[in-house]
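Per TrEMBL, these features apply:
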ACT_SITE  Glu210  active site, proton donor
ACT_SITE  Asp355  active site
ACT_SITE  Glu459  active site, proton donor
ACT_SITE  Glu478  active site
BINDING   Thr564  Ca(2+) binding site
Amino acid sequence: MQWRSIVVGLLVLRVALSCVLWLAFGLGPSWGFNFPIKFSFNLHKIELLKNGDMATSRTNAWSQNVYDNRDHQEKTCSKISENIPKKSYLSFFKTSRDEYDRKYSSFSDALKIKMRGMAKDMFYFGYDNYMKYAFPEDELNPIDCEGRGPDVLNPSNININDVLGNYSLTLIDTLDTLLVLGNVSEFHRAVRLVIDTVSFDKDSTVQVFEANIRILGSLISAHILLTDPRHPFGDVGLEGYDDELLRLAHDLAVRLLPAFENTSTGIPYPRVNLKSGVPPDSINETCTAGAGSLLVEFGILSRLIGDSTFEWVARRAVRALWSLRSNETGLLGNVVNIQTGQWVGKQSGLGAGMDSFYEYLLKSYILFGEKEDYRMFIAAYKSIQSHLRRGREACNEGEGDPPLYVNVNMFNGQIMNTWIDSLQAFFPGLQVLIGDVENAICLHAFYYAIWRRFGALPERYNWQLQAPDVHFYPLRPELVESTYLLYQATKNPFYLHVGMHILQSIEKDTKVKCGYATLHHVVDKSKEDRMESFFLSETCKYLYLLFDEDNPLHKSGSRYIFTTEGHIVPIDLRFREKTWEEQLYFYNSRPSPRLCLYERRFALPLKSAYMRQIDHMVGLS
């Protein structure tokens, strides 16, 4: 009987020791009760128990990859020791409703209607004031209630002059948003204003990329919606309309063509003067996204007017960039010399300078059915997953850091810096389109945690320092876009809460006398007197669509994509049935791209344990 007493005593001692460790090091989740002691994950304290056993593998931990010489206490989210069962990390969240579940697991119809109305009011406050104080100039200065055009006194001010061409940019960029909001009469009035007042015969030097996505894309989208009643908004034709928007689009595209001339590689110059062509002092360097994100708009234009020239030059640029990728990693850099084909910027990432290149490989395939585009996208995505993705293998399972895509050297895959930028927040939406919803959920959650901390997305966020590197927020749409697409794929109310939070933050922190202003600093909420056109054409559009379940775009059978500027382009067989003699690649391929309802295995898209982990890693806890 004595040995039984010894065994019982050892068991009691083990239980007591476990309880002491549990209380001392906080190795558990919140229990959801109102105890004075808060139980929460503390992976730093787990690390102290490991005697320096650090997680250095590229796949499981990115937070230690750059500064491995830091003290153990300063490192975050290291791999948990193998002798700690994975169940201890998650089991409590599977059975109890914690604060995340209570907050995000439902969203009432009444609240949805309220948020839809708030998004609509936000759009019209910006749009009406633009029309009142700024039109026919390009943008609205919402603080001074004045219009803004190109900076003619300072031609080197490319932050302004790359975008503003003295062609009523905001009105053109906003055309199809008016249809999304159901305002056919104002859509018709805006179309008439564009036809009657806009000319591209201007002495304006603009960036080819910006003119393409904001102006050309909107003109093409509005023309298609005006002339084809089969598409989501039905018959919205304008009496007397005679393809004027299409002719304007053609005229603009012709004025952009000189960018593709006198370049040894076929990669276009970054800027053209709308009257005289490429400026004599033009630089020979361009970014990958700027040169490689023209194919959607140029391709549709070619197929609408029966002239292969535009698609051909855009496709030649994509092929030229693709041919310059690294033989070792399959990655591309972010800045290239258009004459030599040498990479000037060797950084490979998913944000500024590269983002829409990947986006348009996939969307070009969806629109045109060219298998060449599909092959390039799949190869690029594999390289991204192999060399840019850090963190644990699965989003909702396992141990290690949450998945994150970092900036690396295109030739060896080594991390080049420790920041990510706000433009990368588009990528979860692209992952939804290819069906990789699991990875989309995790990356989106990381960006939303940054938004929760600052009430906006800083232009650059340093994940190592848990602080912004570049502090401004110009009302960008990328996080809202991914939120909308993830909601369409999952129908999880979590994303409605995300949209509500974003909408309320913008309303609270950026609304000024005549519109919504750029945040100069996401911490102190100081402002700049600028409201970029994409705020109305994208940010407000995606927010409204998120809460408008009955929108014509959401009807069964509606098949469309958004361009990188948020313009609606129906998926149309007539864009797939044309081929050109100059092209070597054409396959009679007719896939059916659509957003598939994602299997909802959890009350939340991301388990609470991992949401807490992400919160911790951006400084929320």
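All residue numbers here begin at 1 and follow the chain in the order shown.
From the backbone N, Cα and C atoms, a Cβ is placed for every residue, glycine too.
Where TrEMBL records a feature, it is marked here on the structure.
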residue: Glu210; record: active site, proton donor; contacts (Cβ under 8 Å, 6+ apart): Asp162, Val163
residue: Asp355; record: active site; contacts (Cβ under 8 Å, 6+ apart): Ala289, Leu423, Gln424, Phe426, Phe427, Thr564
residue: Glu459; record: active site, proton donor; contacts (Cβ under 8 Å, 6+ apart): Asp421, Ser422, Pro468, Val470, His471, Phe472, Tyr473, Pro474
residue: Glu478; record: active site; contacts (Cβ under 8 Å, 6+ apart): Ser422, Leu423, Gln424, Ala425, Phe426, Gly429, Leu457
